[in-house]
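S.K.: Sharing a structure, written as structure tokens. Questions coming.
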Amino acid sequence: MRVTDVLKEYDLSKLTVATVASHSALQIVHGAKKEGLRTLLIVKKDRYEFYSSFSHLVDSFIIVESWKEVLNEDVVNELLASNAVLVPHGSFVEYVGAQGLLDYPVPIFGSRKILLWESDQKKKMELLRRAGIKVPREYRSPDEVDGLVIVKLGGAKGGKGYFLAKTPEEVRRGLEALGNPSNYIIQEYVIGVPAYYHFFYSPIYNRLEITGMDIRYESNVDGLRRLPPELASGIRPSFTVVGNIPVVLRESLLIDVYKYGKSFVRTTEELLGEELVGPFCLESIITEEGEVVVFEFSGRIVAGTNLYVNGSPYSYLYWDEPMSAGRRVAREIRKARDSGRLEEVLR
């Protein structure tokens with residue numbers, strides 16, 4: 001069913017922002033409430049006690065035994081009856097699946113197709129290259145490896161399963177330990193400092209906004225830094241994201257970051273045939289020469305935005321009021337509804 005047909009059946013005065021209770025869900029419902037919209041969380045039974053403690057932010061819950069139940073007809077019907085707009089995030093994509101979201105009958109805020117590209121490491125890097133964004137060298141097979149590399153799995157896994165290697169044999173052993181996955185890439189490991197840039201593209205305001213940035217706090221690689229070299233030697237680093245740290249970039253670097261964001265939005269529309277709407281993230285390493293090298297993107301809200309529930313230094317420059325990424329999503333939805341332009345932001 002097309003979004004146009006679904007919206008004809010909706011009571012737009014009771015439009016409801018809905019998402020899966022994980023990742024950035026609390027920020028999303030908090031932002032929706034700030035913009036006067038109704039809220040709904042799909043929550044696993046074993047998580048209900050925690051999320052129900054925020055019942056002042058959530059108008060209704062749909063309780064499920066497993067995330068795959070999100071695709072069930074009874075859940076879909078309840079969402080449609082609630083006039084729901086789904087806001088996808090990393091857990092939504094990982095647990096439900098980008099393919100499942102592609103044909104989902106409930107309106108989704110933002111682009112559906114970008115979630116498919118995000119889940120495929122090779123397509124992801126192709127999009128970045130086509131956008132003219134500087135990316136690390138990529139190796140087509142373990143045999144080509146001739147220096148330090150990072151091997152990365154596809155999907156929104158929060159860095160789980162990533163590993164470092166220096167030789168073809170180390171890459172093969174690492175892949176074998178992971179069950180020889182098919183969706184992976186081998187990238188040059190760029191030396192520098194990480195920085196992850198949060199963007200929001202708005203069709204309603206016709207502009208790209210930088211809404212914040214962060215650094216990921218990863219286990220065990222960040223813990224290894226506390227050990228003396230003689231003790232850390234021989235311990236294999238891993239990159240499972242457990243939290244986020246705020247960062248403000250040198251203002252001169254923002255110019256290149258903004259150019260990358262603009263190019264990403266333009267290229268996404270050219271390749272996917274639909275406009276990118278709402279939050280996305282470019283994930284980078286900045287070298288000692290000040291070069292921004294982008295190694296990943298996320299085509300939806302990222303968990304790093306949870307740092308800025310009361311707004312970031314950058315979002316305040318646009319709005320002069322507290323504006324989280326979750327509230328920014330809700331404002332775009334509300335403004336689109338009030339101006340009769342919902343079809344421009346929903347897919």
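Our numbering is plain: 1 for the first residue shown, then up by one each step along the chain.
Placed from the backbone N, Cα and C atoms, the Cβ positions cover glycine too.
According to Swiss-Prot, the record shows the following:
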type	residues	note
DOMAIN	112-323	domain 'ATP-grasp'
BINDING	142-196, Glu218	ATP binding site
BINDING	Glu283, Glu296	Mg(2+) binding site
S.K.: Please state whether DSSP places Glu170 (ATP binding site) in a helix, a strand or coil.
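M.R.: DSSP call for Glu170 (ATP binding site): helix.
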S.K.: Rounded to a whole number, how many Å is the Cα of Pro142 (ATP binding site) away from the Cα of Glu296 (Mg(2+) binding site)?
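M.R.: Checking the Cα atoms of Pro142 (ATP binding site) and Glu296 (Mg(2+) binding site) gives a distance of 20 Å.
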S.K.: Measure the Cβ-based neighbour count of Val149 (ATP binding site), defined as the other Cβ atoms within 10 Å of its Cβ.
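M.R.: A 10 Å sphere around the Cβ of Val149 (ATP binding site) contains 26 other Cβ atoms.
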S.K.: Rounded to the nearest angstrom, how far is the Cα of Glu296 (Mg(2+) binding site) from the Cα of Ala177 (ATP binding site)?
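M.R.: If we compare the Cα positions of Ala177 (ATP binding site) and Glu296 (Mg(2+) binding site), the gap is 23 Å.
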S.K.: What does the structure give for the C-alpha distance between Glu283 (Mg(2+) binding site) and Ile191 (ATP binding site)? Integer Å is fine.
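M.R.: Cα to Cα, Glu283 (Mg(2+) binding site) and Ile191 (ATP binding site) are separated by 14 Å.
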S.K.: Do me a favour and check the Cα-Cα span between Val149 (ATP binding site) and Glu296 (Mg(2+) binding site); whole Å is fine.
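M.R.: Pair distance, Cα basis, whole Å: 15 Å.
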S.K.: Which three-state DSSP class does Ala177 (ATP binding site) fall into?
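M.R.: The three-state answer is helix.
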S.K.: Spatially, and counting Cα to Cα, which of the binding-site residues is closest to Glu296 (Mg(2+) binding site)? Options: Phe163, Glu170, Tyr184.
M.R.: Tyr184
